[in-house]
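J.: Sharing a structure here in structure tokens format.
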């Protein structure tokens with residue numbers, strides 16, 4: 001290590017997040033994934049030797065305490081100003097713009113929408129407006145910077161924001177494992193004048209608890225509230241990451257499968273517009289996501305389809321690609337446009353083949369139904 005390197009530290013590595021329960025016993029610890037929004041693109045803290053930065057969060061309301069230790073700090077006459085760690089982090093650790101409600105947010109009496117068990121442990125998902133949960137939300141804003149690529153603060157004074165909090169629970173403790181924020185947009189509908197489009201915005205499962213099924217539990221619980229609310233007409237996702245897209249595909253596909261959508265007589269490669277519209281209204285998915293789930297379903301049984309049915313699937317995917325990229329594609333000449341669409345189809349199909357390896361297979365159609373489907377595709 002050079003003399004200069006001793007004074008330079010990667011912020012992601014030297015910042016440690018520690019959660020403690022209400023008895024101040026350590027619950028878990030982890031590091032942020034991103035700090036560029038706080039310390040710049042290089043994610044570097046400069047001017048200290050043997051630096052350790054610990055942010056201790058006390059559950060259940062995630063009240064933070066910042067501790068900084070080092071063996072030596074650059075002298076004022078060195079000509080280089082060390083990073084103001086405390087001043088910089090304190091800017092983000094608490095959102096002071098929010099009007100914290102007078103009553104404390106009580107996790108024990110908050111609206112619980114789903115409970116489940118995993119590895120002998122109990123988990124609970126709570127639902128609240130960000131105003132109701134202002135006491136915890138003022139401390140969670142920084143987590144969108146730590147764990148979401150391109151994440152940013154949301155307006156916690158806007159009553160249209162909802163938050164869903166995932167806790168691991170015992171008789172005495174509630175320890176945070178993840179959270180999701182949802183914004184309720186107005187959506188016009190001729191039958192429902194105060195219709196809502198729900199948009200999933202921030203979705204975070206804390207690092208020690210990822211890849212354990214908690215993301216699917218949280219997503220499915222949230223979607224369940226959408227489906228039960230007659231004012232919510234559909235729901236979408238804001239700037240989803242690749243990992244979240246994968247989670248979403250798996251959850252939405254399995255939900256449609258359990259609803260029997262893929263077993264209906266009208267579900268065949270030549271889907272009618274009337275059937276698609278009715279199922280979009282029923283599932284509250286966007287047209288793009290519903291089409292994607294249907295395409296995944298056809299891919300799971302592609303080998304069992306006739307040549308004519310496979311062609312219908314292929315043309316359906318290409319038509320969707322064309323519609324989604326209409327403005328760009330219309331600027332190309334016909335031959336180049338056809339090539340672009342075909343290449344996009346090949347990439348999409350390769351992605352589907354990887355996804356369906358982890359999806360449950362559809363039940364094979366009876367010979368009588370297969371004959372009917374083949375005839376309807378001709």
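Cβ coordinates come from backbone N, Cα and C, glycine included.
Straight out of Swiss-Prot:
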type: SITE; residues: 161; note: site 'Interaction with histone H4 N-terminus'
type: BINDING; residues: 203, 204, 205, 210, 211, 212, 213, 214, 215, 216; note: acetyl-CoA binding site
type: ACT_SITE; residues: 238; note: active site, proton donor/acceptor
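For each listed feature, how buried is it and what is near it?
T.: According to DSSP, residue 161 (site 'Interaction with histone H4 N-terminus') is assigned to a strand segment. Around residue 161 (site 'Interaction with histone H4 N-terminus'), taking its Cβ as the centre, 20 other Cβ atoms fall within 10 Å, counting all chains.
The Cβ neighbour count for residue 203 (acetyl-CoA binding site), using a 10 Å radius over every protein chain in view, is 26.
Taken residue by residue with DSSP, residue 238 (active site, proton donor/acceptor) is part of neither helix nor strand, so it is coil.
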J.: In whole Å, how far is residue 238 (active site, proton donor/acceptor) from residue 215 (acetyl-CoA binding site) when you measure between their Cα atoms?
T.: 16
J.: Apart from 203, 204, 205, 210, 211, 212, 213, 214, 215, 216, which residues in this chain have a Cβ no more than 8 Å from the mean position of the Cβ atoms of those residues at the acetyl-CoA site?
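T.: What remains near the Cβ centre is 178, 209, 217, 218, 247.
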J.: How many neighbouring Cβ atoms, not counting its own, are there within 10 Å of the Cβ of residue 211 (acetyl-CoA binding site)?
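T.: Other Cβ atoms found within 10 Å: 9.
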J.: According to DSSP, collapsed to three classes, what secondary structure does residue 215 (acetyl-CoA binding site) have?
T.: helix
J.: If you measure every Cα to Cα pair among 203, 204, 205, 210, 211, 212, 213, 214, 215, 216, the residues listed for acetyl-CoA, what is the largest value in Å?
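T.: Comparing all Cα pairs, the maximum is 15 Å.
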